[in-house]
Amino acid sequence: MWLYLLALVGLWNLLRLFRERKVVSHLQDKYVFITGCDSGFGNLLARQLDRRGMRVLAACLTEKGAEQLRSKTSDRLETVILDVTKTESIVAATQWVKERVGNRGLWGLVNNAGISVPMGPNEWMRKKDFASVLDVNLLGVIEVTLNMLPLVRKARGRVVNIASTMGRMSLLGGGYCISKYGVEAFSDSLRRELTYFGVKVAIIEPGGFKTNVTNMERLSDNLKKLWDQATEEVKEIYGEKFRDSYMKAMESLVNMCSGDLSLVTDCMEHALTSCHPRTRYSAGWDAKFFYLPMSYLPTFLSDAVIYWGSVKPARAL
């Protein structure tokens, strides 16, 4: 019986592999709009798709980032300045895209722009600390998508949203994990709604990678600011030893991050170019063999693992 099951699983994987390798035709005529192209995943994906001959519309936060990207790509790639927290910026970028794609519509929308800080123990934060991250990582994704959807629907195209393994398993306080859970939920509802119009929605769930999101200097400065703004009662309960150990633990996690960003951008590219993209892509060995399996464990077991491996506050019971 087990041999039959193994054979069935093997056959299914072969069929899936064959199915997923079928590529969309006329890629050179397809327009893809990508947010967050100054650096990291967005920057690499823009260059990757440009090399493949696609029409890349890259949104950068800064003119400097846009100039650097243009210097490394062909004349096909065009850039626009976009702040995903500002409605007027999103509306202007949408009009800019509309003028370029015309009646063909927008084949791909990649919501990649994101930030990680403020990030740390929840009790060290204020409402504005959560809001600043949610404004970029979740509300920015939603507003950009709502504005671009008519163009994507016209092309019967793709929406690719960058979530995280932290959208499956919340390890850190602050708005980051909350925002990524929100991206997962938004993408799920969007996928079910847009299937009637031939639009496919894919979610990318990277593990740890070396980008601006995991920049240790930025994370360290953020943690110091959060500690400084915490109340005296909170400081006494957690203690300076906890603060220092927490920072070291975060540094250890950052040091384990992969530098091979193509593991993520290859997933993004597949979601845009395959005739049969996946619903979810897990990128990185830590995602596949730690975070995702952990997310499937009963809650009491995953809580126990995290409790065993975490730093304890000074007044912990």
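From the backbone N, Cα and C atoms, a Cβ is placed for every residue, glycine too.
Straight from Swiss-Prot, the features:
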- 33-57: NADP(+) binding site (BINDING)
- Ser164: substrate binding site (BINDING)
- Tyr176: active site, proton acceptor (ACT_SITE)
The residue listed as 'substrate binding site' and Phe41 (NADP(+) binding site), Cα-Cα, nearest whole angstrom: 13
Tertiary neighbours of Leu57 (NADP(+) binding site) (same chain, Cβ under 8 Å, six or more apart): Tyr31, Val32, Phe33, Ile34, Leu77, Glu78, Thr79, Val80, Trp96, Val97, Arg100
For Tyr176 (active site, proton acceptor), the one of Cys37, Leu45, Leu49, Gly53 that lies nearest, given that the binding-site residues are compared by Cα: Cys37
For Leu49 (NADP(+) binding site): DSSP state (helix, strand, coil): helix
Alpha-carbon spacing, Leu45 (NADP(+) binding site) to the residue listed as 'substrate binding site', which is rounded to whole Å: 17
Rounded distance in angstrom between the Cα atoms of Ser164 (substrate binding site) and Leu49 (NADP(+) binding site): 22
Candidate with sparsest Cβ neighbourhood (10 Å radius) among Cys37, Leu45, Leu49, the listed binding-site residues: Leu49
Set of same-chain residues at least 6 away whose C-beta sits under 8 angstroms from Gly53 (NADP(+) binding site): Leu27, Gln28, Arg76
